[in-house]
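What follows is a short report on a single structure.
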Amino acid sequence: MEEPQKNDLSMRGQEEDHPVRSSGPQISVSEFSCHCCYDTLVNPTTLNCGHSFCRHCLALWWMSSKKTECPECREKWEGFPKVNILLRDAIEKLFPDAIKMRVEDIQQNNDVVQSLAAFQKYGNDQNPLAPSTGRVNQQRGGGFFSGVLTALTGVAVILLVYHWRSRESEHGLLVHKAVDKWTTEEVVLWLEQLGPWASLYRDRFLSERVNGRLLLTLTEEEFSRAPYTIENSSHRRVILMELERVRALGVKPPQNLWEYKAVNPGRSLFLLYALKSSPRLGLLYLYLFDYTDSFLPFIHTICPLQEDSFGEDIFTKLLDLREPTWKQWREFLIKYSFLPYQLIAEFAWDWLEVHYWTSRFLIVNAMLLSVLELFSFWRIWSRSELKTVPQRMWSHFWKVSTQGLFMAMFWPLIPQFVCNCLFYWALYFNPIINIDLVVKEIRRLETQVF
């Protein structure tokens with residue numbers, strides 16, 4: 001009687017070691033294990049590389065890494081992974097009890113359930129309509145960027161034609177012409193560019209036929225009496241301050257973006273890209289190396305004194321070379337630390353009357369860049385990567401510095417037409433690209449679990 005019992009026990013042990021008995025090769029549980037959790041596969045999902053994982057393991061991996069690649073071989077997958085139905089049915093038939101227990105454990109884990117939901121939502125966004133949506137999305141994305149490239153090509157051709165046809169007129173600007181050679185019409189043009197208020201004195205300068213040489217001889221006393229009769233002391237002060245700058249330079253100083261670009265093509269391109277990619281370092285550069293000509297007018301424009309904020313126009317603020325007060329420094333440093341792009345937007349806002357569309361492009365781009373910066377900070381905080389901030393800051397500083405040094409070294413070799421294309425690309429096309437980046441960040445944020 002004891003021997004049959006021993007035979008029964010040995011047979012049960014063999015059944016436990018080999019749950020599936022057949023006339024062919026025997027199958028063990030380890031052959032159907034996930035390479036992430038090393039347990040029986042639940043809803044096995046097979047990637048393009050051929051590796052299979054539990055769907056919730058793949059979702060957890062995607063949530064933590066934000067990468068669409070295989071956890072084992074790191075090969076990127078295409079499309080959105082789906083459950084391997086044939087493999088799932090086979091495992092459920094071979095190990096029904098183990099699968100049932102694992103499914104119950106998964107359903108009771110809120111983190112896993114939320115990760116699966118976010119992962120599935122990400123897949124729905126990738127394929128919202130039909131199985132062929134992936135190809136449609138690729139065509140749609142390709143169509144968008146091909147449209148941008150087509151527009152850029154068209155603009156480049158227009159700029160090429162304009163560059164060759166307007167070369168003489170560009171050199172004919174007052175910023176390139178000696179003041180003693182100005183005509184009466186050019187003197188009036190210089191006067192009108194001081195501000196809307198200067199149109200009050202336009203006819204007086206025309207009637208007196210004031211040319212460049214005569215302009216250089218005028219004094220404050222002559223401006224205050226007939227025939228000029230400029231009674232407003234603020235207007236006289238602005239005209240005299242600007243006249244002193246003209247006398248010192250010998251030409252008209254730049255008073256808008258296009259004149260500044262004509263006089264300083266390299267610096268304008270450098271500042272545009274520096275303030276776009278790294279506004280804090282760009283403003284620090286202005287403070288250290290261009291304090292009087294650029295930084296002082298900038299801080300007086302964006303952080304004006306209370307008594308001057310309503311009475312002065314933009315040109316008067318540009319001529320204000322007084323040292324900033326502590327109140328101005330405090331306002332500037334707060335915005336500089338937390339919202340640097342707002343400083344650029346506020347500066348562009350004051351130029352709306354002079355540059356109607358260009359200022360609006362700059363304001364929109366500054367808003368978009370602020371949103372992208374907030375997304376970057378949120379990503380660092382949500383991933384608990386605050387310790388990497390110093391290293392990121394150093395890498396960013398090194399990248400911007402090397403790019404600036406590279407540009408300074410090779411600037412004489414770069415054709416002016418290429419520089420113009422880069423300038424207009426950053427000015428007008430960069431906001432379109434940033435809109436697309438913000439939309440992608442918002443969609444990515446919707447798939448994250450809070």
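Just so you know, glycine gets a Cβ as well, placed from its N, Cα and C.
As recorded in Swiss-Prot:
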TOPO_DOM  1-140  topological domain 'Cytoplasmic'
REGION    1-24  region 'Disordered'
ZN_FING   34-74  zinc finger
TRANSMEM  141-161  transmembrane segment
TOPO_DOM  162-331  topological domain 'Extracellular'
DOMAIN    182-249  domain 'SAM'
CARBOHYD  ASN232  N-linked glycosylation site
TRANSMEM  332-352  transmembrane segment
TOPO_DOM  353-360  topological domain 'Cytoplasmic'
TRANSMEM  361-381  transmembrane segment
TOPO_DOM  382-404  topological domain 'Extracellular'
TRANSMEM  405-425  transmembrane segment
TOPO_DOM  426-450  topological domain 'Cytoplasmic'
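Non-local neighbours of the topological domain 'Cytoplasmic' (353-360) in the same chain are 196, 256-257, 314, 427; each lies 6+ residues outside the stretch with a CB under 8 Å from one of its CB atoms.
For the topological domain 'Extracellular' (382-404), the list of distant contacts is 270, 273-274, 277-278, 281, 448: same-chain residues at least six beyond its ends, Cβ to Cβ under 8 Å. Remote same-chain residues near the topological domain 'Cytoplasmic' (426-450) are listed as 63, 111, 114-115, 118-119, 121-122, 125, 144, 148, 151-152, 272-273, 276, 358, 361-362, 364-365, 368-369, 371-372, 375, 378, 382 (criterion: CB distance under 8 Å, separation of at least six residues from the stretch ends). Helix, strand and coil counts from DSSP across the domain 'SAM' (182-249) read 49 helix, 0 strand, 19 coil. As a whole-number mean, the pLDDT of the topological domain 'Cytoplasmic' (353-360) in this prediction is 83. Counting residues per DSSP class in helix, strand and coil order gives 5 helix, 0 strand, 3 coil for the topological domain 'Cytoplasmic' (353-360).
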